[in-house]
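Beneath this line is the structure, given in structure tokens, with notes to follow.
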Amino acid sequence: MRFSTALSLALAVSPAAVFAAGNLGFSLGVKRPDGQCKDQADFEKDFDTLKAHGTTVRTYAAADCGSASLILPAAKSKGFKVVLGIWPDVEESYKADVDALKKAVPGNEDVVAAITVGSETLYRGNFTGPELLKKIKEVQKVFPKITIGTADSWNKYADGTADALIEGGVKYLLVNAFAFWQGKAIEQAPKTLFDDLVGAAKRIADKAPQGSSPYVAIGETGWPTDGGTDYGAAKAGTKNAEKFYKEGVCAMLAWGVDAFYFEAFDEPWKPKSIGDNGNAADETHWGMYTADRKPKFNADCKVNKKKD
């Protein structure tokens, strides 16, 4: 595909960024459709559904719903790996998440793919790059054998906001890229996804310490299905979501880029949020699956997955 060729050429001049095997992962909520907390059995059912596509999920705040202590044994029983999250924006949540991980991780290190400190923290302006780097280093000291990193919007890598993290040697960098929230029509959305990743990856490669190879993957991308809210030229709908998935996400996987799809299942408990345009936006219809784990579209990329 031309997008893949363009991405390959863009990164060929900046070889420090290393992409993995093109595996699909999912952002996974920790609450049931009614807003109650999931238990271990719920996570196991989630994994049974998702294993047809991939065996990695990411969450955002380890203490939320006591999720870390529940999802790790579920992952171990089903052959999954988990990217656990720490929410550092508020000191209370930061400490609670670290404490939750201190209890949950020992004995389950084999199913912890990484720990992310923050999700779009730089994008929201809650930390500077140096401030977030300090938090990441604090967590790395607590979990010396676990890969520690962060996730942020593609433009915060591309515009230099995240330079301190890259230059500081952070080894795990997730790049969130939503053509939908950039207001792109579906016809332009797959190319926008590639352009976003190229912009972030080139900056990461240029700023990474000599000899280092930070792991770079798409941390979040997706498209709302039927029932979702439009955003400018970006129109919600299941057909558009499938098109974006097949022409954008699947193409990335075919090229060899790992990607986390946002999200695994609808979350009907979520309240509306206010977008950058000031309008209320629905966040309950972003799942590849409905809240009761029914598929919305055929998610078979027809690409060969690398064996672990």
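Cβ coordinates are placed from backbone N, Cα and C, and glycine is handled just like the others.
According to Swiss-Prot, the protein carries these features:
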- Glu120: active site, proton donor (ACT_SITE)
- Glu220: active site, nucleophile (ACT_SITE)
- Asn126: N-linked glycosylation site (CARBOHYD)
- 1-20: signal peptide (SIGNAL)
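The structure, with features from Swiss-Prot marked on it.
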residue : record                      : DSSP (3 states)
Glu120  : active site, proton donor   : coil
Asn126  : N-linked glycosylation site : coil
Glu220  : active site, nucleophile    : strand
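If you measure from the Cα atom of the residue listed as 'active site, nucleophile' to that of Glu120 (active site, proton donor), you get 10 Å. Fewest other C-beta atoms within 10 angstroms, among the recorded positions Glu120, Asn126, Glu220, are seen around Asn126. The two recorded residues, the residue listed as 'active site, proton donor' and Asn126 (N-linked glycosylation site), show a Cα separation of 9 Å.
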